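Single-structure report; data block below.
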């Protein structure tokens, strides 16, 4: 007897599917790319069952294609997510997620004494991994923070 499976989230004709986002991170990714203000249809799956993660989040954005730079920002939130570009219901491209070397003007420095809070400068962080933990180092105050501390703000 064949095992019957059914999609829990409807397929899209054209656009981007971001899958294997850790549970509870999907909304942050939605806001990172400003998708919640898009006029395109966005399908969100939260806390979906996953054999690899236990639970996962999923985003499907119609008629929007994420570029390599955006995919590298996504790697800060969900380094093992998959990004598929869909055309006519078929996967035409898979983007590999790689941590960016640096990230500018996306996050605020958690250090309240950092000059970036009082001066008209763009925030800037060097991104690196230490013992499999993602770390960000502020360009201005040179303090090092875990990914979670920076992305929670």
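Backbone N, Cα and C atoms are what each Cβ position is placed from, and that goes for glycine too.
Features of the protein shown, as given by Swiss-Prot:
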BINDING   109, 114, 138, 141  Zn(2+) binding site
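Structure coloured by features recorded in Swiss-Prot.
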residue	record	Cβ within 10 Å
109	Zn(2+) binding site	22
114	Zn(2+) binding site	19
138	Zn(2+) binding site	22
141	Zn(2+) binding site	16
Taking the recorded Zn(2+) site as 109, 114, 138, 141, identify the other residues of that chain whose CB atom sits within 8 Å of the mean position of the site's CB atoms, giving them in sequence order.
110, 111, 113, 115, 116, 117, 123, 139, 140, 142, 143
Could you say whether, by DSSP, residue 138 (Zn(2+) binding site) belongs to a helix, a strand or a coil region?
strand
